[in-house]
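K.L.:
What follows is a structure written as structure tokens; I'll ask about it next.
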Amino acid sequence: MENKPRKLWVAGVFTFLTIGLGHVYSGKAQKGIILYLGQYLGLLICMVFLFIYPSLVVIVLFVLLGFAYFLYSLIDSIQVSKKGRDSYQLKKYNSWYSYLGILLLSSFIIQPTISNSIKKHIIQAYKIPDGSLKPTLLIGDQILAKTGLSLKSGIEKGDMVIFPYPQDPSKDFIKRVVAVGGETIEIKEKKVFINGKLINEPFILHLDNRMIPPNLAQRDTMPAIKVPDDSLFVMGDNRDNSHDSRFWGFVKKSSVTGKASIIYWSWDRKDFKIRWDRIGKTIN
């Protein structure tokens, strides 16, 4: 077999491109595969743990662990390649087309498949673009939402849910569930009544003192309506500045794709700063 000494810098660059590829280059394909799959297993464990113990400390810890995992993979790939720095007998998979094939397989098939599966069945990230959910969610908040299998626990009143906007399904909306199937909801001068009883909503915000007559819009006053058994009535917490069920009707329960869980990042564009006090905050 042809002698082809391994280059340390190549092993490092390959690891930067895809964890595990540097090990394949250095003749340790099995370890490379284990490290490659390990990063996704670690990601899954982190997400589950974050749901159970949501906090800024946990988020920072997992970011540091992720960096440490990458650093270990990088250093180890270089250490392994050192053993073949002077002499290395090529293996069957040591060819440019094998490396390219692994990189393409990872980038265009494995990573997208795993990513889409996680988004569909476990968790998905969203960015809040407007202020219709103030003060609970602010512009610039980035959140994690439970999806798919994680939604089996059910949807309850008070939950922040994600769903396709009924008037344009290509857009995702997030609103708070105010009434569920079988309940009657009525709004009198900005006060919400469920089954005839005034409900306590300490999280809502009213910025407009005007009372809009119901013949113009149902923002502040809405006659009693019964929510269908398979539907939800949703509203934004910033009641005077939210486009929600008051204007376009119910949301099918089956159309809900996610339930907001935690704020993992928050950036204040106006003041150009990180809102540290919001990171790790549970959404309720």
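Just so it is clear, glycine is given a Cβ too, placed from its N, Cα and C backbone atoms.
What TrEMBL records for this protein is below:
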type	residues	note
ACT_SITE	Ser132	active site
ACT_SITE	Lys175	active site
DOMAIN	114-265	domain 'Peptidase S26'
TRANSMEM	6-26	transmembrane segment
TRANSMEM	33-52	transmembrane segment
TRANSMEM	58-75	transmembrane segment
TRANSMEM	96-114	transmembrane segment
K.L.:
Would you mind reading off the Cα separation of Lys175 (active site) from Ser132 (active site), to the nearest angstrom?
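P.N.:
Roughly 8 Å, rounded to the nearest whole number.
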K.L.:
Just going by other Cβ atoms within 10 Å, which of the active-site residues Ser132, Lys175 has the emptiest spot?
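P.N.:
Fewest other Cβ atoms within 10 Å, among the active-site residues Ser132, Lys175, is found for Ser132.
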K.L.:
What does DSSP call Ser132 (active site) in the simple three-state scheme?
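P.N.:
Coil, per DSSP.
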K.L.:
So, in DSSP terms, is Lys175 (active site) helix, strand, or coil?
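P.N.:
Its secondary structure by DSSP: strand.
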